[in-house]
Amino acid sequence: MSETRPSTGGHRPRLALHGAGRMGRQLAEASESAGFSLVGVIARHQPDWLTEDLYAASPEQLVVRPDVIIDFSLPGGAASVAQWCAGNGVPLVSGTTGLDETARAELDTASAKIPLLWAANFSIGLNACLVLAKRLRELVGTDAPARILDIHHAGKLDAPSGTALVLGEAIGGDVEYDSVREGDAIGEHHLVLELADEQIEIRHVANDRRLFALGALHAARWLCSRSPGRYTMLDCIDAATP
Ligand SMILES: NC(=O)c1ccc[n+]([C@@H]2O[C@H](COP(=O)([O-])OP(=O)(O)OC[C@H]3O[C@@H](n4cnc5c(N)ncnc54)[C@H](OP(=O)(O)O)[C@@H]3O)[C@@H](O)[C@H]2O)c1
């Protein structure tokens, strides 16, 4: 798709965050050094770390119109902010996982009006693993069953994780999922392919949540100058690859 939206020119793109939990906080902390001007953080409750001047209980309460919104909330939140963004012409990056069919349809509808990038995982390394998984299946054929294990902190609500599901789509064929929710694990994924007399494993471990925040900020900067449409993290990474 061509770049027909006006770019944000010389000014720092104005960013609003939707969701003020673990990821929202990481994004708020990294946004200014990533070249954004943070104009608001939306959540239903104001967390302790967020100052009154930045807090908004809903997108309607934002004092400054953002150039882009990054959403890391919960499925109902992703659907409602997508609706608001579509109605107000604001590009949306969303990393919220566990979306049901209604929420996914809401994101699709919104992408007819605004540039919208949803990704289950904003890590460049994990997205490279998706490409490897797809190629691996082409090479070994469809017979070999796959197992995907995801390990996350006890507070994570969805299982299998959104990343496990996109890994499963990438590898295709017969896939069995298993999830562990314990402690404060940030995110670990194992994809195991069972062949006749051998086993292949792709393993990805996220060591710091900052990784996802930096990936989402990179995606937001890229998305600001796109035409309306639905984009993936691979579109954004490909565009940056010489
Ligand atoms: N794509 C990736 O790379 C990636 C990486 C990590 C996490 N995630 C996903 O990102 C999401 C958030 O993760 P997290 O660890 O930050 O979760 P969290 O700590 O539970 O935070 C969720 C935040 O969203 C807010 N929220 C929930 N429903 C909302 C709604 N309807 N409207 C507005 N705000 C709402 C919550 O605050 P209130 O309840 O006060 O509204 C809270 O501030 C999860 O789906 C997680 O799986 C994705």
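Note: Cβ is positioned from N, Cα and C throughout, glycine not excepted.
The model shown is predicted, which means the values in this text are computed figures rather than measured ones.
What TrEMBL says about this protein:
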ACT_SITE  His152  active site, proton donor/acceptor
ACT_SITE  Lys156  active site, proton donor
BINDING   His153, Gly162, Thr163  (S)-2,3,4,5-tetrahydrodipicolinate binding site
DOMAIN    14-122  domain 'Dihydrodipicolinate reductase N-terminal'
DOMAIN    125-236  domain 'Dihydrodipicolinate reductase C-terminal'
REGION    1-22  region 'Disordered'
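Mapped onto DSSP helix, strand and coil, the domain 'Dihydrodipicolinate reductase C-terminal' (125-236) counts 44 helix, 31 strand, 37 coil. Listed in chain order, the extra residues whose Cβ falls within 8 Å of the Cβ center of the (S)-2,3,4,5-tetrahydrodipicolinate site residues His153, Gly162, Thr163 are Thr97, Ala120, Asn121, Asp150, His152, Lys156, Asp158, Ser161, Ala164, Gly187.
Here Lys156 (active site, proton donor) is positioned 13 angstrom away from Thr163 ((S)-2,3,4,5-tetrahydrodipicolinate binding site), judged by their C-alpha atoms. Averaged across the domain 'Dihydrodipicolinate reductase C-terminal' (125-236), pLDDT for the predicted model comes to 96. Residues near His152 (active site, proton donor/acceptor) in space but far in sequence (CB under 8 A, at least 6 apart, same chain), listed by position: Ser161, Ser179, Val180, Arg181, Ala185, Ile186, Gly187, Glu188.
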